[in-house]
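Peer 1: One structure, pasted below without further comment.
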Amino acid sequence: MNVPVALSITLTYLLVALCIGVRARGGRSMARLEEWGVAGRSMNGVVLYLLIGAGSISAYTFMGAPGWAYSKGVPVFYVVIYLSYLAMVAWYFGPKVWALGERFGHVTQADAIRDRYQSPKLGALAALVMSIGTLAYAVLQTIGAAYILDVMSGGAIPRWAGVSVVLGIMAIYLWLSGQRAIGMTNAFQGALMLVIAWLIGLWATHQASGDWWFGAVFDRLADQRPGFLTLPGADGSMSFAFWTTSILVSMVSFMPPVWMQWMSARSPTTLRRSATWLPTYYVVILPMVVVGFIGIFALPQLERADTVALTMAMQSMPAALAGLLGAGTLAAAMSSSEPFIHATAVTWARDVLRPALGLSEAATARLARWLLLAIMALIVAPLAITSPGNLVMILLIGLGFAAQVLPAFIGMFLWPRATPAGVTAGILAGFAVTLLGTLVWRNPLGVHAGFWGLLLNLPLFVVVSLSTRPVAREVTERFFAIMARH
Amino acid sequence: MPPRFVRPTSRRGWLLLAAFILIIAAGCWPVIALVNQPVRVLGLPLIALWAYGIVLASVAVMALGNRWLARSDPPAAEPEERVQRERSS
């Protein structure tokens, strides 16, 4: 492969993303956290569609999904289903979150939790613990981005340099433009991913079968490897129980950056319209999954399944196409990394340090921007460069926790009787069970550890809530008055 | 304030809730076991086509919900209106 051509295309993408991110500011002051954190609640439907779509897809589309297809087969499609359900969750809950934020000035998820339960401690706890999974996710995406630069440069850009370049570029536009940069760069990255994924998928299919549609690829699989076309998949790992519980647990995991994306919408109607069309974005996954299936025959001895698309690109694609794949994968990694780092900076400043130090609104906004740089330099960069072996485990635990915060949202949107004690008891019990089911007895009986957590969490939440004192009536009344209108 | 649990307040609300539950059930066991066959439709494995069928169904139900909401709700205030409202208050 012609490395200079492929690398220059990938680097051109980085420059374009930088320009878009810097220009996204548009002369606005970023002194208010509402502006830097949630773009002054001003994003239009198209930007929001691509922002949420690209943010939820991540490097998984270009590396993980083809890898799953390569090693397991059709179990990979559970992602398409749960992402569609997440869009329905956004359609239903997003406008309520937006209305709460607009009415009561919430910027973060923990902000809303603190207000609903009148507990700064519960808000700070939610902010800190949710950031475990959030940061682990951002670190993994950054590692993916650096890996792309390493591959596309033929090894000339080592991981430390790739991490520095990617984080450096993100730091510049996030510092200058905050959530507006995330919106505009994700819109660009989302559109780019969609085009590149289909270009690569169709090209690889045509090379492998002579057809432009995927049918011949699956015909061959049905003849020679039929185990890839049904559950539990070729490696037998995706039972019906694990498929179902993975979808349900993922569906109820309200990640903090997504919450902030909802609050960035111009209006509840804009958000609802974006959520309505959001599932259509996930056609981006199909062509890359087919690339993974093609790899089963083209690259039978591959050591790491998630490198199947890149390996195929390096071995057989024209340099321009390989460069585009590099750009698309980098876009996917960055579009997921940046909102997670940004959301962590905002929530640490607003929900942990502001109440602890008694900061003003303006000081909190300044602190959030400095925290962004500190998180990148002192947490994300060192972890991405050293890439500790237990990072994926930290991510799994973090994501397992995300689902366990469900009682806090049930109490916010659906059940006025929920109490801070009930929520705390449910979260802690659910988290402990998820931890055991992740570290000690992995997914007992083939059921997702987070689902076992919820089985204890939810009944405990109800029982403790019914036996403890609720927050002041006026608090639940003002929350549920908004629920009734949205 | 609702006394126990927030529930839909109209027939259309209940219909939407039922449609949401049906779509979620369509992606889970036992329904998924019914489409777990090694056959191909339109060139795709049945389970892949089913997944994208769920995509279309969820878009259709949300679009229907938007239409119903547009008929029953007053139009939401846009940012400019909000600013004017805040200035005048």
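Glycine residues also receive a Cβ, built from the backbone N, Cα and C atoms like all the rest.
Below are the features I grabbed from TrEMBL:
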- A:6-25: transmembrane segment (TRANSMEM)
- A:46-70: transmembrane segment (TRANSMEM)
- A:122-148: transmembrane segment (TRANSMEM)
- A:160-176: transmembrane segment (TRANSMEM)
- A:188-205: transmembrane segment (TRANSMEM)
- A:240-259: transmembrane segment (TRANSMEM)
- A:280-300: transmembrane segment (TRANSMEM)
- A:312-333: transmembrane segment (TRANSMEM)
- A:367-385: transmembrane segment (TRANSMEM)
- A:391-415: transmembrane segment (TRANSMEM)
- A:422-441: transmembrane segment (TRANSMEM)
- A:447-468: transmembrane segment (TRANSMEM)
Peer 1: Residues sitting near the transmembrane segment (A:447-468): Cβ under 8 Å, six or more positions beyond its termini, same chain?
Peer 2: 241-242, 245-246, 248-249, 252-253, 399-400, 403-404, 406-407, 410-411, 415, 417-423, 425-427, 429-434, 436-438
Peer 1: Can we call the transmembrane segment (A:391-415) and the transmembrane segment (A:122-148) in contact, meaning three or more C-beta pairs below 8 angstroms at a sequence separation of 6+?
Peer 2: yes
Peer 1: Would you call the transmembrane segment (A:46-70) and the transmembrane segment (A:160-176) in contact, using three or more Cβ pairs under 8 Å, pairs 6 or more apart in sequence?
Peer 2: no
Peer 1: Contact between the transmembrane segment (A:6-25) and the transmembrane segment (A:188-205) is defined here as three or more C-beta pairs under 8 Å separated by at least 6 residues; is that satisfied?
Peer 2: yes
Peer 1: Quick check: do the transmembrane segment (A:160-176) and the transmembrane segment (A:6-25) share at least 3 Cβ pairs under 8 Å, counting only pairs 6+ apart in sequence?
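Peer 2: Answer yes, regions in contact.
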Peer 1: Report, as numbers and ranges, every residue of the chain located at least six residues beyond the transmembrane segment (A:6-25) whose Cβ falls under 8 Å of a Cβ in that stretch; write 'none' if there are none.
Peer 2: 148-149, 152-154, 156, 165-166, 169-170, 172-174, 176-177, 180-181, 183-185, 188-189, 192, 319-320, 322-324, 326-327, 330-331, 334
Peer 1: Check the transmembrane segment (A:422-441) against each of A:122-148, A:240-259, A:280-300, A:312-333 and return whichever range has the most CB pairs under 8 Å.
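Peer 2: Out of the listed stretches, A:122-148 contacts the transmembrane segment (A:422-441) most.
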Peer 1: Excluding the flanking five residues on each side, which residues at least 6 beyond the ends of the transmembrane segment (A:312-333) place their CB within less than 8 Å of a CB in that stretch?
Peer 2: 1-3, 5-10, 12-14, 17, 54, 57-63, 141-142, 144-145, 148-149, 151-152, 166, 188-189, 192-193, 196-197, 199-200, 203-204, 207, 291, 294-295, 298-299
